[in-house]
Structures are given as structure tokens and as C-alpha cells.
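Note sheet for the following structure.
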């Protein structure tokens, strides 16, 4: 162990061959050590930086160089053997460097910064490879990495976005959303008085469908992202499925966990559903299996149902509980006998890409499926034949589909950010798409009376819509931690930020900026990463704000 009594060590990293360790201290000093003997290899004086805090450290793949990023927006390359600087500092970022990574051949370095950009540098000449930085993030970029072939760059940000870029052209080729507090799934209770949401923070929350206020405390117990949750038919229980990979049953009134966890899947659980009588639960997993469980005992009923050769994305009981429908990334839908575990008939095939969602009609005569191929299909649940034409209209993958309670309509949710309502008999789209989400819509559900639809999106909101008018009734945004000192600043409905000792208000926020600060149903000022930066250079303010800290 190496002890530095007069300075903190902020970063350590191994060389690729594991023989050396690089460390950076709060004073801006980088040191290189022999990982076996603990001896310092490179001269500390040569690796002494310009007094700026080191914020990132990375070895080149061959171990001959080490790159350091600083809070003063610069990057420096060093000779890992002698400790000498290699060229001048790399300058161009307008914010602190947060992450560094070398290309596999060691000739380039990718850097991420709090200025919301990624830049790629040629180490040999000390210049940027691309004329412009890689832009698109709305918040500081926290991480950057280059794959083994060095052709792409991946970046992750506080805005919950992961961007994939061409390393040579700078074009953004993919854009995914992922957030620690992302709302992953939402569903209504059978009586329509409540809905429940699950999140990447491993919790489940129950909400009043009228007031949209949270009911009780979050349900905690899972150790990883909760992928989805469903109500039992009588609304008294909840079943939640997680990446941990465990299913838990909860009392929907008290929030208490009922019985032992349902444990048996070998990989993430992708789908879960109750039987019509509420005595059983069916689950589908990345382990390619479907399993049926006894809710009372927690025991698995029979053997796993094998047949899909890829992830089981969606499962659901028929209304009479005698069959289960399953959808998979293998592009097929299968129907199973729940008593014998035997597949009923041939797989339902026709989709040209992974099937994301499957559901029985309320009378059990039809099955609807949604796919990455941008279409919805309706099938005869007995013969397996496709009923009618494809339902086309979405411009991207259709991730969720649901029948209305009377079976006359379908709702679909897509990565194109829209929800669409369809006539389940004719296949005709009813009205215009519901628009308002700012990113992919991943889940959709009808209210029990069929008059409303709830949707969940990667924009961290879930919304409730009137299916007749298409009007948006409610928007709920994930409630995160407070950014204010002592978690106590609040914002009034007219946009004034206030603090209890200063009820008259500290500063007024224009309407266009309030959404990023104010999250219903509370008035606490919050943001996705615990802080929000506002430019008040042109703000006119007095002196009373100082009394808030006395």
C-alpha cells in the first residue's frame, strides 16, 4: 500500500498488460508505479502538471503513453517510461475533461467533457482528427469509449443519452436513452383508480390516477432495474420483474412483499403477467424460457417452457387461463397449453424482425403482436392465421400493443415517439397519432373503461391521453433528488423560487425553463443529476437573497 499523507489520490488505472499503475492526486501530480514491487517508475517532477486538478487518466494500449485530463479543459499526453510530456496540451474543450480513452492502435485519444461534447485527437501531431466536436448531448458527457475496431465512439451523458458516433466522420449513428431514474413501465389498476410505475432506481411507485400523487412510499426490495410490473386481476397484488433476475409479489394496498421471491430464471426477466384468477404468474426471460409460478407458494409450476431460440420479450395468459402467448426476438409468437406445457400448433410467423409485444384479445379469439419491423399484426388464436392486413403507420419499431377492454381497439407505442389507436376489426388507424413525448414510447395501456390510454417514454415521463379527442390529460415526470441547498428551495406556480425564510421569492424563472426544474406533484426544485446550471448574467436582483443563508 502506498500512503500520501499530504494529498488525496483521485484516480488510479492499470496499464493494459497489468504491470504498471498510474495514479493522479488532487495536486495535479501523476505517478507511475510497478504493480508488482510498488516502486515508483516515472519521475514525479516530470509528471507534475500545471497545478490543475486531474479529472481523468488513461494508458495507451501498448503502455508507452498515459493521457491525463484536467479541470482546466486541457489534455496532456506523457511518456509512461520517462515521465516527459509528449507534445503540447491538447486544447479545444470549453469544460472540464471527464473521460479519456485511447484507440486500439494508440494513435488517437477520445475525450469527453462537461462542455457536452466529445473530441477525437491525433496523438502523433497533437491536433483534432475531426474539424468539429461530436455534439448532441444536452448535459455533461460523463464517459467515452472506443470499440476494438476503433471505427465508432460511444458516449454517455447526464442527459440519459448514450450516443454512438462514427469515429472518422463524426456522424451520430445511434441514440439510446438510459437513466438511473428512468421510468421503465407503467400500468393501470383494474379499477382505474391507480397506476404503478417502475424505474431503473430499483423501486416501484403507486400513484393515484385522479390526483396523480404518489401513494405511500416506494416499494423496495429488488437489487437491480425493475423492468415491469402488473396488477393482479382483482387489483390486490402486484407482480414485479427485475434484472436481478427475480419476480416479487406485493400487496398493492400496504406495499408489503407477499411470500418469498420467485427465483429460477438465469437471466434478466423481460415480461410477466398474472393468470385471470390471480393464482399464477407467467414470466419470459433473456434465458429463452417461459416459466409459470404459483403465487401462493412461490413454487414453479411444471418445467420451463422451451422453444424460442432467443430472448422471450413478452408473455400473457389467455382470458380463460388455459393458454399462454409468448413473443421473442426470434421473430415468432408461440401459444402454449398451461396445463401440459406443450406448444399449441405451429409458431405464428410473419414479422420480419424481433417481436416486442404480444397480447390476447379480451375474448381470447385473437392475438395482437408488435415488432421492430414497424408493424402490428392480428392473429387467429386458434388457427394461427393472420387476420386482415398489417397495421402500418409507425415510422420506427413498435414496442408495445394493447387491446381496449371491449376488444374493439388497439393502442400501439413506438420508438417514433407516438401512440396510435387502431380499429381492431378493420385495422384502420383512428384519428391522428398522439404526439407529445420527446423520445421513444415504450409502453402503453388502456384504462379499465377504455376511455384513456397511459403511455411511458424514455423521456422519463408517462402521460395519460383521452382516446376520443387525443388530448393529453396529464404528464408526470420522474421525481429525482433536490438540487437546492438542504433540499429546501421550492418554486411557486408563478415561477418564483423561494426559500422558507424568504417567502417573497429569490429569483423568477421564465416559463420556458421551469420544466427542467419543477417536477409534479411536488414543488421541490430538482434535476436529473442533482444540479441545474442557469445563467443569471442578465438577471436583475436585489439583496434579500443573502438573508436565506443567515
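Note: Cβ is positioned from N, Cα and C throughout, glycine not excepted.
Feature annotations, reproduced from TrEMBL:
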type: REPEAT; residues: 9-43; note: repeat 'WD'
type: REPEAT; residues: 47-88; note: repeat 'WD'
type: REPEAT; residues: 90-131; note: repeat 'WD'
type: REPEAT; residues: 134-175; note: repeat 'WD'
type: REPEAT; residues: 176-217; note: repeat 'WD'
type: REPEAT; residues: 219-260; note: repeat 'WD'
type: REPEAT; residues: 262-303; note: repeat 'WD'
type: REPEAT; residues: 305-346; note: repeat 'WD'
type: REPEAT; residues: 348-389; note: repeat 'WD'
type: REPEAT; residues: 391-423; note: repeat 'WD'
type: REPEAT; residues: 434-475; note: repeat 'WD'
*Which sequence positions outside the repeat 'WD' (262-303), separated from its termini by at least 6 residues, show Cβ-Cβ distances below 8 Å to it?*
227-234, 236-237, 239-243, 245-249, 309-317, 319-321, 324, 326, 328, 336, 338, 341
*Would you mind listing the long-range same-chain contacts of the repeat 'WD' (305-346), meaning Cβ under 8 Å and 6+ residues beyond its ends?*
270-277, 280, 282-286, 288-292, 352-360, 362-364, 367, 369, 371, 379, 381, 383-384
*Can you count helix, strand and coil residues in the repeat 'WD' (391-423) using DSSP?*
0 helix, 20 strand, 13 coil
*Other than its close neighbours in sequence, what residues sit by the repeat 'WD' (391-423), given a CB gap under 8 Å and a spacing of at least six beyond its ends?*
353, 356-363, 366, 368-378, 429-431, 433-435, 437-446, 448-450, 453, 455-457, 465, 467
*Model confidence over the repeat 'WD' (434-475) (mean pLDDT, whole number)*: 84
